[in-house]
Amino acid sequence: MGTNVLNIGQSALAAAQMGITTTGHNIANSSTPGYSRQVLVQSANAPQNLGGSFVGQGVTISQIQRQYNQFIGQQVNSSQTSLNQVSAYAGQIQQINNLVADPTAGVTPALQDFFKSVQNLSSSPNGTAGAAARQAVISNGQALANRFTSLQGRMDQIRTDVNGEIAGAVSSINAYSTQLAALNETIAKSQSSTGSPPNDLLDQRDLLVTELSKLTKVTVIPQDNKYNVFIGNGQPIVLGGTVNQLQVSVSATDPNRSEVAYTSNGNVTQIPENGLPGGKLGGLFDFRANTLDPAQSAIGRVAVSIASAFNQQHALGQDLNGQMGGNFFNIAQPVNTPGAGNTTSALVTSKIVDASALSTSDYRLQITAPGTYKVTRLSDGQVTNSTSQPVVVDGVSMEFPQPPAAQPAAGDEFLIKPTSNAANSLAVAISDPNKLAVASPVSSVAPTTNTGSGKISSGNFDSLAASASTSATATISPVKTDNSFKSSTLTPAVTLTYSGGSLTGFPAGQIVSVTNAGVTTNYPPPATVPYTSGAQISVAGMSFAIKDGAAPPSNGDQFSLAPATPVASTKLTYNSATNTLSGFPATANVTVTNGNSVTTYPAGSNIPFTAGSTISFSGASFTVTGSPANGDVFNITPNTNGTGDNRNALALATIQTKNLLVGNTTTIQGAYAQFVSLVGNKTAELQVTRASETKMLSQAVAAQQSESGVNLDEEAANLLRYQQAYQAAGKLMQIASQLFDALLTLGR
């Protein structure tokens, strides 16, 4: 009996001692990250049957149980993934928001200062004040260019920082993966040898999963006491004790873009950015794709639009030396990067042909088969397919040089970045204030000897290329030029000849595009182009239309394109009997615009007069108002003295308020304001989302701590309980010993 009581006391003492040890372990790790409270689980030993009654045999320790709820743990990890994704995105976008919205560092104040100086120049084009105003335009133009390059440089630095953070996140993922695989092996061995779970090692493993979930989305599948860990959209990085490492690589088409690749069995597979959602890594990818890339392109688009519009108008003016204006701004063409896997040395040429149609996206040009091209707009995946070139998408023209230049092969691809680097190259092209083309190269006046009330506007020069025709029936419209036009293309002048239903004589080496009813057809050089009345013809940065008049053109009719120079002196005479103006150059087609009505008249025609209509020929345009009398004349002559003439400066000043972007629906200032607003709204949205995700994580952690966390008050109570149990067990053993001693005494 004494022996039985002694055994019971020993088991009770051992249980109490283990309880004290477990409680002490909890107290010691109350601040240890990832630690889960441990609880002693004990049960009664099987009773012994003595004389028909079952007598207890004390207690046994079943296990030390880890208080961990797998489902709450998954909620915590999921919340960590969401919060860290939003936090990474919010932290990065805040930098751009601070940059573009800064009233002193943003583009807006520099833009306003520049156009204010242009307006001042239009008010004071000559004299001492004019000289100062000219210098102010150049200085403020350079300040505006510097502001753009500064913004571009800061965004380039942010891009470099993002690449660095991606590399850091990948390094951490690899480190956690290696530790997880090692713990998997240790835990499996420990559990198989003892049959009991190694609680502290399990805590360490779950903590690693939590840390991993801060970096990317994590999925865990337990198997044979090990974790199989998958990240993103299903890439296995830990399979038991095997680790599949990630690595950072440079994009095959963009050397400034870091990407993540997955290695398995020696094979390297590129992971698309959307294949690694969630966590810090997902937030960085989201920021780069949805904010940084569009932001750089938006800044570049504004820079391109300003430079293009200002250069085009400046080229139509006359400087103080009597010369036509050139480019005021220098700006780079789109950046084209061949894919690293291309099998040929072919290089694509791209250029901006319509700044108003530009988007804020980059493009991928793929050769799907010889002569077949696929252009993907990367911002939304929209695809344009073509079997001819140039391929024009969103105002960007892409084409390959003709043989003998290297030609692309099927599978080759190219990254086209129209505007993302444009702001970095913006600079003022002139330093001599006298070369500012403030005046107009044409002058139009009505002599004082006229007897009617007709008045003619001062006239403007509105095209760098002039058209003329020898046809008595068909007409050629005024020529529009884009940024890619070079006057050297028309030196010597280009003469198109009509014969047998086709046009020949286009500039050598140039692809001709013909658009009719919305369908564009490209003709490689040397081009013989089928004639279609009214079709829009585009070649070498020029666009125009040839249209039937009273009849189609006749064989041998010619249509010429030449550099537009200030017109020779032209004397127009009004005939009241026919209500017409005559005296236009013999080969010049004349276009009359009255509201939305545009009519082009064959060379040599007398032009019907409508008061207030705009009359254009040979690059010059003017308006006659009032009621001229029979025989009244209007003289259009070259401007031989630009001093005091501010007409082109006035035209330059209006660029600030013209709708030049987004399909001619938005001003430069408006487009920049929209961009700033989008960044600001996204920043505010992310701040709200981050606050919400923080609260959700706090709730999940609180739920986890209520079950797994260490409560020191509770542990103190447990200590007292186990202490009392220990003392009672000791007393029990003392009594058992005394009983045993009494039995021994009786036996003597």
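Positions of Cβ are set from backbone N, Cα and C atoms, glycine also.
Curation plays no part in TrEMBL annotations; they are all automatic predictions.
Outside the domain 'Flagellar basal body rod protein N-terminal' (6-35), and at least 6 residues removed from its termini, the chain residues within Cβ reach (under 8 Å) are 42, 45, 56-61, 64, 200, 203-204, 206-207, 210, 710, 712, 715, 718-719, 721-723, 725-726, 728-730, 732-733, 735-737, 740. Taken from TrEMBL, the feature domain 'Flagellar basal body rod protein N-terminal' covers 6-35.
Confidence in the domain 'Flagellar hook-associated protein FlgK helical' (94-329), given as mean pLDDT, stands at 92. Annotation comment: TrEMBL describes 94-329 as domain 'Flagellar hook-associated protein FlgK helical'.
The domain 'Flagellar hook-associated protein 1 D2-like' annotation in TrEMBL covers 340-418. Residue counts for the domain 'Flagellar hook-associated protein 1 D2-like' (340-418) under DSSP, split into helix (H, G, I), strand (E, B) and coil, are 3 helix, 33 strand, 43 coil.
Residues or ranges marked as domain 'Flagellar hook-associated protein 1 D3' by TrEMBL: 565-637.
Summarising the annotation, TrEMBL assigns domain 'Flagellar basal-body/hook protein C-terminal' to 707-746.
Residue counts for the domain 'Flagellar basal-body/hook protein C-terminal' (707-746) under DSSP, helix first, then strand, then coil, are 37 helix, 0 strand, 3 coil.
For the domain 'Flagellar basal body rod protein N-terminal' (6-35), the DSSP-based tally of helix, strand and coil residues reads 23 helix, 0 strand, 7 coil.
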